[in-house]
Structures are given as C-alpha cells and as structure tokens.
Amino acid sequence: MSFLQQKSKIIDWMKKNLFGSWINAIITCLFAIIIIFIAKAVLKFIFVTAKWDVIPANLKILMVGQYTASEVWRVWLSLSVAVFLLGVLWGVKRGVIKTVSFTIVAIFAIILLLPFTSIATKIWAAVQILLTFAGFWMGNKFSFVKRYHLAGWLISVPVILILLNGVGNMKDVNSNLWGGFLLTVLIAVVDIVFSFPLGILLALGRRSKLVVVRWFSIIYIEVIRGVPLITVLFAAQLLLPLFLGNGLELNNVLRVMIGFTLFNAAYVAETVRGGMQIIPQGQYEAAQALGLNYVQRMTFVIMPQALRSVVPALVGSVIEVFKDTSLVAIVSLMDLLGIAKRVVANPQFLGRQMEVFLFVAAIFFVICTVMSKISKHMEISSSYGKN
Amino acid sequence: MATEKEAIISAGNEESIIVCKDVNKWFGSHHVLRGVSLEVKRGEVIVIIGPSGSGKSTFIRTINALEEIQKGEITVNGIRLSDNVSDIEAIRKETGMVFQQFNLFPHMTILDNLTLAPIWVRKWPKSKAEKIALELLERVGIHDQAKKYPGQLSGGQQQRVAIARTLAMQPEIILFDEPTSALDPEMIKEVLDVMKTLAGSDKTLVVVTHEMKFAQEVADRVLFFDGGNIVESGPPAQIFENPEHDRTKLFLSQILK
C-alpha cells in the first residue's frame, strides 16, 4: 500500500468517525484540545520537570523493602526459579506464554541497559534472561520436563518462601523485613496458589449432598463475602493467634497471606460454582453412566469445563487480588505502595511524590495488562478444537 | 441373609441379567413408574415403545441408577441396586448408556472420550485402552477422526462416537435412551446400522426408540409402555400385527399411519 493510499484511508476514517456530523466535529475538537493540553503537561513533566533520580536512589527499598542488603541474592535466586519455570511453560505450551516471557525478558533487558543499575544487578538480570531461554529449550526438548513442569510450580512456592526466610546456615531474614514489590508479589502468588484449590473445594461443598458440608460451605462463603477484606485481614491478625494458642506463633506476613487466601477462596468458590451451573446435566449423567466415581467425574469431566468457562472472571479476581495487596498497609506491612509512601515522606526526597507514584503505577499497570491479555487469549482458545 | 444373597447371585448368573420387581417412582406427587416388573435375559434385545411422557426413558434410567426409585427392587448382573455407592458403580461398570443428546465430553478429543473410563474405571494401561478405542472407532466408521473434538463432527458421527465410548467399557448391557431422536433424518440410518450390528452380538440391549422399523427388525421382545407401566409385551410380530390392548392399537395406528 502506498503512502498516499494510506493517507486517504486515514482521512476517510476520520471523516466517518470523528467528523460525521456538526456535533461530532465540535466534540472531537473539544476533546482534541483537552487531550493535547493534558498530554503536553504530562510529557513535559516526564521528560523535563521530573527528577527521576529518586527512583534509582530508592530502587532497592521499593523492590524488596528492608530485606537485608547482603542477602538480596536470595530474592534473585527465587526469581530465577520462577523465570526458569516460566520458560519451561513457554516451551511446553507456546501461545500466550510466549508474550508473557517476552515481556519478562524485555523488563530484564531494560534493567540490564539502564545506566544507574549496579553491576551485580546487571549480572542477575542477564542470568534471568538466559534462564528464561534455557527453560524454553528444556521444555521444548525433554518429555519428562513436559510431564512434571506443573509439579515444579507447586514445589517452587514453599521452596521460595523457605529460601527467602533463610534455612540452615543462611542468615535468617525475618519476614517482617520483607517489603515492597517482593511482598506484593509474594502475597498475590500465595493467595492465588492456595485460594484456587480451596475455592474449588468450597464450590463442590456448596453443591454437595452432605448436609453438614453444604451448610458449612454456604455459611463460610456468605460470611466472607459479606465482610470487607480489611475486616478479614484484621481478624487474621488478631484472631488467628488467639485460635492457635501460645504454642504456635505465626509471623505477620504469614497471617496476612492466610487472611488473603481465606478471603479470596470465597470469591473463587462463587465464580467456580457459576461455571459448574452452566455445565449441562447430560455431562454429569454421561460421566456417571460410564462408572466414573465422584472424584473422577469432577476432575476429568466437570471441572475442566467449568473452570475454562470462568477463566476471564478468575483472572479478573487475580488482578483484583494483586491490586488489593496495598491494603496490607493497615496491618503495618510495607508493600510496594506502602514503601512508596515512606520514600515520599523522607525529607531528602521532598516533593517527589509524582515521580514515585508514577513509577509504582507503571509497575501495576504493566503487570495487570499482561494478566488481562492472558485471560483474553484463554477466552479465545477455550472454544474447543480451534486452538 | 446369606441365602438371599446367594439366590440373587445365582439368578444373575442363570438367565436373567436384569430383574425389576414392582418398580415405583414419583416426581413429587406425580407417579411416573407404577409398579413396573421386567426380566431381561442375557443377550436379549428389548425395544421399548410408547407415547412420550409414558415413563419409558425414566424406567431405563432407573436400571443404571441415574434415577432413584422409591419402591421396588432392581437387580442387574447379580447386583442388587441400593443406596450403596460401590454397588451403583459396580452396576454402571457393566451397564453402558447411550443418550439422546450424545453427551460426549466436548473438551476432550474423540480418542480421550473413549479411553477415559477404561483407563480410570477398568484400570487398563493407556496403550491397551487406545488400541481397543481405535478398533471400535473403526467399527463405527470414524477411525480417521480420533484426534478431533466432538464439536467438529456431525450429529450422526457424534452419536456413533457415543456408542463406541459405551462399548469401550465392554459392558454386558447397553441402554439406549432415544438415540436417534435428536438427529437429522439423513443421519438416523448410520446410527441404526451400528445398533443393528450390536443387536447381532451377544450384548444385552434395552432400547427406547420411536423407530418402529428398527424394532420390527431387531427386537427379540417389544414392550409397549403407557401411563407408567408395561401395557403389553411380546415378540415384534405379535405386538405390531396382532396387538391385544386397545391402547397399543391406538398408539400403533397413530404412529404407523
């Protein structure tokens, strides 16, 4: 297509959509002025006024909070485990995971190329990129990796938590010191990993023929859905130690994670139940008639269909959880946003809230966008036989 | 107690593979099955006909416990049907069912549809289950579609897959619940042809259908169902040419017009 053709096409489009009538033309001009005004101010701020040095100066604390500086390699190592598994997943599944992997690689490439990052950071970033591709290669090549990669994800969560906390000869890094982006991600991941199975069990429980199980599920779901997340977090903070007695002391972070998981499980349960309700009765009957028992019917026939139909809603709840992690501030934990507030409060960086909050917003935006892209893709590929 | 159990088992091994005695079922206050009694011999082909709403589908669904009964007793292959889950599962293992709406699992390939139950219920190794599945698909004439999904097949092909899925469990009994009622007319024949070859095998078939020609050709015994019970039963020649009851005559005159 020649340049002129392209140009006339654009003009056609504008005529049709922007200047279709007098009123449209006026609205278009009005909004154009407003947009130009805002864009000018924003761009001027980003490229001229803003003093971005506040970000590199506080990058470590924004990312990992008070985590002992000499032990930050453990965070990197945990990240390595995760990106390697992601690479494997990319090699096994392809599709949208490719986009996700490229996004991750791009982020590490940016870290690698930024002028102000330290040598150690650059080396670690390079390692992450290499591991992503190594994972891809292995997931592509070896069939045993293909078979067991999902188990890898399940094992990795406790392994990473133990690694971060310190084990054996390693220096103990109390979870009270965890903070920033690290804490945000950890809470979100633990919540998602544990609330999904719990939510599925609750959904099954709510449809169970056993009266006690059904009523327990109903009461649990309705009570949790009837109270705000903050209440549940407070309850986890204050009541869990009470229930568990003196013998077992849970630290702050763990209590918050339990609170989040218990809260989100109720919502997952309702979403999954919605998915189960649209499965035709014939599917249950066909599975019964073949002689499959309850667990087999649910595992192989009902849940795969029910979950697939509610993927968009489930990813939506994942995004929500990710954003809700900011609420941990009320139980005096410092997530990414909490740390940002603290940085801003530092007299050394007075008046830099715009820079810091824009940076935080950008991180949330990138991650939430990637997640909603995954959900869109899964929506499309869930029409059977067409993926 | 033991003698009673022995008696039931020996009855199962002998001639009758399905024994129903005074089967009663209510949907709320609606009395759907009114004391149905029936004995089916091993290898027999039974065709049940009757007006819609007469309870014939409900009746065959009680045989593999998809519908609970409130009164009466059912013994299948020597196992007395009860609330006991393991009894129910043991009966379902030997009793396949083909549905009006096929009810294939849409998220699995054709091959996986066929191998799921043999692998998990019969505990066969995957290779054996797949070998038998492919043979069955060949028999019903859709060997080349094994890797496709149900949604990519026509209704007639789906129903043949559903029959193959039932056969993959190698059941003693197969129940057909109006297997051709949801099909386009030009696809009915291909499904009936598969069913006819089955009727020639040693399997016990209980077929609910409106295909009178099929009933005349393959049935050992035809049951006419109305008002929640068997009104008349006998070999097809007798039922179709020389019915005793007025209700049977009326039904046949309407349907064979």
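The backbone N, Cα and C atoms fix where each Cβ goes, and this holds for glycine too.
Because TrEMBL annotations are produced automatically, they should be read as predictions rather than curated entries.
According to TrEMBL, the transmembrane segment annotation covers A:21-43, A:73-92, A:99-117, A:123-139, A:151-168, A:180-204, A:216-240, A:252-269, A:356-374. Taken from TrEMBL, the feature domain 'ABC transmembrane type-1' applies to A:181-375.
Ranked by the number of CB pairs under 8 Å to the transmembrane segment (A:252-269), the listed stretches A:151-168, A:180-204, A:356-374 are led by A:180-204.
Sequence-distant contacts of the transmembrane segment (A:151-168) (same chain, at least 6 residues past either end, Cβ-Cβ under 8 Å): 71, 74-75, 77-78, 81-82, 85, 88, 174-175, 178, 182, 186, 189-190, 193. A Cβ distance under 8 Å defines the sequence-distant neighbours of the transmembrane segment (A:123-139), meaning residues of its chain 6+ beyond its ends; these are 73, 76, 79-80, 83-92, 101, 104-105, 108-109, 111-112, 117, 145-146, 149.
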